Amino acid sequence: MAGLSSSQIPDGEFTAVVYRLIRDSRYSEAVQLLSAELQRSSRSRAGLSLLAYCYYRLQEFELAAECYEQLSQMHPELEQYRLYQAQALYKACLYPEATRVAFLLDNPAYQTRVLRLQAAIKYSEGDLPGARSLVEQLLSGEGVEDSGGESDYDGQINLGCLLYKEGHYEAACSKFLAALQASGYQPDLSYNLALAYYSSRQYAPALKHIADIIERGIRQHPELGVGMTTEGIDVRSVGNTIVLHQTALVEAFNLKAAIEYQLRNYEAAQEALTDMPPRAEEELDPVTLHNQALMNMDAKPTEGFEKLQFLLQQNPFPPETFGNLLLLYCKYEYFDLAADVLAENAHLTYKFLTPYLYDFLDAMITCQTAPEEAFIKLDGLAGMLTEQLRKLTIQVQDSRHSRDDESAKKAVNEYDETLEKYIPVLMAQAKIYWNFENYPMVEKIFRKSVEFCNDHDVWKLNVAHVLFMQENKYKEAIGFYEPIVKKNYDNILSVSAIVLANLCVSYIMTSQNEEAEELMRKIEKEEEQLSYGDPDKKIYHLCIVNLVIGTLYCAKGNYDFGISRVIKSLEPYHKKLGTDTWYYAKRCFLSLLENMSKHTIMLRDSVIQECVQFLEHCELYGRNIPAVIEQPLEEERMHTGKNTVTYESRKLRALIYEIIGWNV
């Protein structure tokens, strides 16, 4: 019946056809027929009413509201149309308009429904005291004349939502749990409970309820294609249907992704997003779009920025969007863009940024032009946070001493949250001196924070890096790198390649060659096992370790051994040559060429021949490999022909020929 027009429908069958389409949830086709019919008879009450219903089911709430507005003007005596108009406006997030229409309703028969709607509007607008007042009025039955008073079940849910918004997550859990036990399984209620558990950092019970939602959704609605995209199966969009909304699958997968992201299981987080029922990009809800942008930022930063910028223009958008966009601008050092967004959206600053986040962003933006001033701002922020950490430490100790487990748990959670705020401030301070290569000062900043951060992995990793960079503290660097590596020894490829490389170099520089060799054998073994399952997968860990070791020997002037190590590390080229590995290799070659041009070193002909052959291989295998990864928002893009390993390897080969006087 796709594309059916009014003229094709036999006389007297139009209404039956429309109702059949609605029965089969083919609302778009029903809209086409009804719209065409209303062009001929624009004041048809039945036609407008059905059209409004179809728009509502298609989640085209503004269009539904327009239809209901026409109906209420045509039939002012039928107040249900005004109520439906207010509900559609609320669903379209047009809260002032919905409030205005709701206030026009004075029929006692609709009083409870109007109060519920007004409470929902105030809740969505962030007016929690106003929402609570209306919810309590409904629960008490005060001033409610119609018979449809608020049930205890609805009341528990509404109070749970208010408690959640007020930050009382455990109390919200109790309300949702009571409602769930009273009603039996409800997908949206299970999601509310999972969200409250997540916000109180109780990830295990949150994941349990999420798994329940997903399992039931798959069993009851196999047509929604859960997991198909992850498995690489090409499937068509399931659309934003009412059935999809009722299953709460989209919400559950987004929450699962958020939990995995918090637990730093980034692959699992991305998989949660691809597991959700397939939809076209234009059909995605704001939360999914936001999470996709965030979790694919490393691989697709340009797309990520575009999605976040797009969301910022929508009403509403996820409240985290504004802060995350600004933080990512700072991460990629687009400080001017961050400053512009802050200046252009002052009204959002007070609504979506906490004082801490605003002060942090202000300091980060200041770093670009006035690093000394930025350091002072960050120092003030750090001082405030360390004071909070000390107070919370005392609270934890006092609670444990008095055996008040609940207070101790609350204080520990607050301590962890405050520490997560302190670490970025500390790292931003350290980066100011790192950029000036003042490594002793960076070390001093880290040592001042040892009281709070000595168990934090990010802190330990950065302490290791700054000790390593000072070149006379390799032994101390080992003390920080080793625990990180040993913690993940059974899954060593999950450790950053540069951490493994720096640890190997530190072993070599402290004459612990056996430890370095053992670590490299372990990496090689894991890479071999991984390549059995996926022979074409590029794995760079051992390659980067060898490149860094080769770089070390080149830096010490032993180019014969260093360059040979670099060359061997990139074999086989089809698996080892990449943007990152080329970066390390070309640095060594540029250093070699500089010293050759100054006549400070002499290389054997066999080594020069080896270099030329290496660059020829890089030219052959590097045609489709970018020489550098461009910044995502760069206005002037590099010439595509020049931004390849092939182009740069030719340039290096030409320089070799020029320096040694070979004719080509």
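Keep in mind that glycine also has a Cβ here, set from the backbone N, Cα and C atoms.
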Swiss-Prot record, coiled coil, of the ranges 143-170, 507-534, 619-646 the matching one is 507-534
Lying 6 or more residues past either end of the repeat 'TPR 8' (543-576) yet within Cβ distance under 8 Å of it, the residues of that chain are 497-498, 500-502, 504-505, 508-509, 520, 523, 584-585, 587-589, 591-592, 595, 601, 603-604, 607, 610-611, 614, 617-618, 620-621
Using a Cβ distance cut-off of under 8 Å, indicate which of 11-44, 45-78, 188-220, 458-491 has the most pairs with the repeat 'TPR 5' (385-418).
188-220
Mean per-residue pLDDT in the repeat 'TPR 5' (385-418) works out to 91
As a quick check of your reading of DSSP, tell me how many residues in the repeat 'TPR 5' (385-418) are helical, how many are strand and how many are coil.
31 helix, 0 strand, 3 coil
